[in-house]
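**Q** Okay, here's the structure, questions in a sec.
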Amino acid sequence: MLSRLFRMHGLFVASHPWEVIVGTVTLTICMMSMNMFTGNNKICGWNYECPKFEEDVLSSDIIILTITRCIAILYIYFQFQNLRQLGSKYILGIAGLFTIFSSFVFSTVVIHFLDKELTGLNEALPFFLLLIDLSRASALAKFALSSNSQDEVRENIARGMAILGPTFTLDALVECLVIGVGTMSGVRQLEIMCCFGCMSVLANYFVFMTFFPACVSLVLELSRESREGRPIWQLSHFARVLEEEENKPNPVTQRVKMIMSLGLVLVHAHSRWIADPSPQNSTTEHSKVSLGLDEDVSKRIEPSVSLWQFYLSKMISMDIEQVVTLSLAFLLAVKYIFFEQAETESTLSLKNPITSPVVTPKKAPDNCCRREPLLVRRSEKLSSVEEEPGVSQDRKVEVIKPLVVETESASRATFVLGASGTSPPVAARTQELEIELPSEPRPNEECLQILESAEKGAKFLSDAEIIQLVNAKHIPAYKLETLMETHERGVSIRRQLLSTKLPEPSSLQYLPYRDYNYSLVMGACCENVIGYMPIPVGVAGPLCLDGKEYQVPMATTEGCLVASTNRGCRAIGLGGGASSRVLADGMTRGPVVRLPRACDSAEVKAWLETPEGFAVIKDAFDSTSRFARLQKLHVTMAGRNLYIRFQSKTGDAMGMNMISKGTEKALLKLQEFFPEMQILAVSGNYCTDKKPAAINWIEGRGKTVVCEAVIPAKVVREVLKTTTEAMIDVNINKNLVGSAMAGSIGGYNAHAANIVTAIYIACGQDAAQNVGSSNCITLMEASGPTNEDLYISCTMPSIEIGTVGGGTNLLPQQACLQMLGVQGACKDNPGENARQLARIVCGTVMAGELSLMAALAAGHLVRSHMVHNRSKINLQDLQGTCTKKSA
């Protein structure tokens, strides 16, 4: 029951960090300000001459207090030294934050308790530092640091609070009760010390339960920078902290503490209420003391300095014991900052880095293809099956398999122990470990035990042994990436498996696979990965569109395409730029349902077309997403089959998955009103997706965009090398009449699909959707005072595009989206990035149309393609697969 309550508390605090932090700080400031502004305004030594009660200050008291301060500083130093052994700057920073804020809360409480008398704080701080226990705070931080995502951070903090909260609460209670016994001793100094101790314990507990978990959650959220799908603060040697901490609380110890606390409660109750002397006597004595104090009235004096100067002088004036304490603190701080790192690294170098490596993330290179950190990187002679396929498995395995940890300048990942990601290479010591493997693959049973072992795992198996397990059906081939220590090794092993089954074993030699962030691919973009396909990316621009300039990335293997589009962009820019508008925005999904009779289908159709029916379906549809908002239904019949075309906004996502989820929920709601309805398929090709369809050309799908520009006659002659009249003539007879003669649907253009597909591949879109997205009609007219200028427009009714999800999560594709300023979701106006990308696509299509039509009108098309789009390699010197086979 208690664990569940603490778990709920931890989840709430971690999920609302800003609210908790602001609330805690506000409460602390309120405690201080209420005392400052409601107390008296007498400040002894500044504006009042207060009566002094002389007390004998023994030199032994000063010595004891100095020793206590030094011990407290040493204690804090050793605690931070132990934390540094973990090798995480986040643990240190978070622990420091905990210490600083705990001190602030404790100081506030002491000042409030002593009515602004700061001399008591000087004596209290050493006891506070001695009672700080960073082990609990660091344990909770470890829970958070073992997470892979921000949601997992919250869950792990909640789990940590469920495990640590009851224990820490009981410990705080017992400490307060034990230390509180000293407040009943009758010795004034001991009572003050014990009172400070109790306040210290309570301040620590308050910060640990409120401010600290919220701060951990917020710090990790703000510092989250993904690398191979994991945050930069994720430490692999914290992966087992959960199971370790779950077994920590000792039931016997817990019971003893509970019995102790009950006994101490009885002691306090007996001493304070049962055995307390007569309250009348104490009241009389108190009144006498009060009267005595009142007789010696404080005298008001005129302050000689300002209040801040008064407090500053009190802080600057130091006694010999304070000089000793500050000197010790300064020396330890210098040692910790400048000399501790090398000692820590030399100590950690003796430990096994296989179980606790800290991977140092590096900044991504300019091409945005990040290198995946490899915990274990095989050498080129790693196993009997080489990295490149086509090698027989009969070759022997190397006996020694080095695990190399290289420096930042190398092509492999770097392991840095006890240092942050920005540490210099000198501090980043490297080491080479060796794992001995038998010369022959071990039996499957032994390999399975190693694979399933928490201490060893796949890194202790050779590639030949992994392949042996795959062939024996112990490892599914599609799970290689998730079971290996790195995704790249899983891809490598799959290539080796595949090479033996290909007609040409060396077929994959020139298909690259190294140094790619496969964590962004898995579960999102592709399965059974064997590498990635590099495609040349060119840039066309600047495209002057709606008063802005864009450099448009285009991934293509067709020569002349980028150059031609670039010429069109130049012509548009010289003509003053293009203008565009988004006419409609709505993705569609068209399921098919069946009813017993055609009349029943007609009844459902009529009900869906009523405002009441549409409202019911819209409520069900809209409940599935923050962005999906049903706009309209287009319903048609074919016999007893009913086709319902849902159209909805989908924010910055292309939206097929989003609208499919909403459609499914809406159909289930519709089935409640018409139980006899049968759902045949959530997609009945009435959408229509990735197929030529007149409904997309007429009704639109995705973004409907129109773009226009006026090209001056001079630009037509000098840049496009033709005339306005010739271009209009070719456009009418080619794009309009020619397409009509061919029975084209939406193909009233020269080559819109070229530009659309090139941009789609570069920007991570679904390339198959160029079928509908390339629907375009290009119109040209004579314009200007003398009808020599060229007016051109492109209307594209079905651009299916998005800036989040799918391939847009891949880093190279994100780089291309960033070139256009539309990467990710638009926070201010959801959907605006996707709409802007659709405008850019339409504007670039118009540039491509302009240039190609000019080339056709001038007769330059064949000549340019002979220069830029023709291979100059003598193919007779190369033997293809079929030629080689026949030979």
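A Cβ is built for glycine as well, from the same backbone N, Cα and C atoms used for every other residue.
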**Q** Are L222 and D546 on one side of the membrane in Swiss-Prot?
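**A** Both on the same face of the membrane, per the record.
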**Q** Out of S648, S798, S871, which residue gets the phosphoserine annotation in Swiss-Prot?
**A** S871
**Q** For the C-alpha pair, I'd like the distance in angstrom between K690 (active site, charge relay system) and D766 (active site, charge relay system), rounded off.
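**A** Cα-Cα, rounded: 10 Å.
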**Q** Could you state the whole-number distance in Å separating the C-alpha atoms of D766 (active site, charge relay system) and E558 (active site, charge relay system)?
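**A** Between the alpha carbons of D766 (active site, charge relay system) and E558 (active site, charge relay system) there are 19 Å.
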**Q** The topological domain 'Cytoplasmic' (1-9): which same-chain residues, six or more beyond its ends, come within Cβ distance under 8 Å?
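**A** Cβ under 8 Å, 6 or more out: 158-159, 161-163, 165-166, 209.
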**Q** Using DSSP, how many residues of the topological domain 'Cytoplasmic' (150-159) fall into helix, strand and coil, respectively?
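**A** Secondary-structure composition of the topological domain 'Cytoplasmic' (150-159): 10 helix, 0 strand, 0 coil.
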**Q** Mind checking which residues reach the topological domain 'Cytoplasmic' (150-159)? Cβ under 8 Å, same chain, six or more beyond either end.
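**A** Residues 7-8, 10-11, 13-15, 140, 143-144, 213, 216-217, 220-221, 224, 242.
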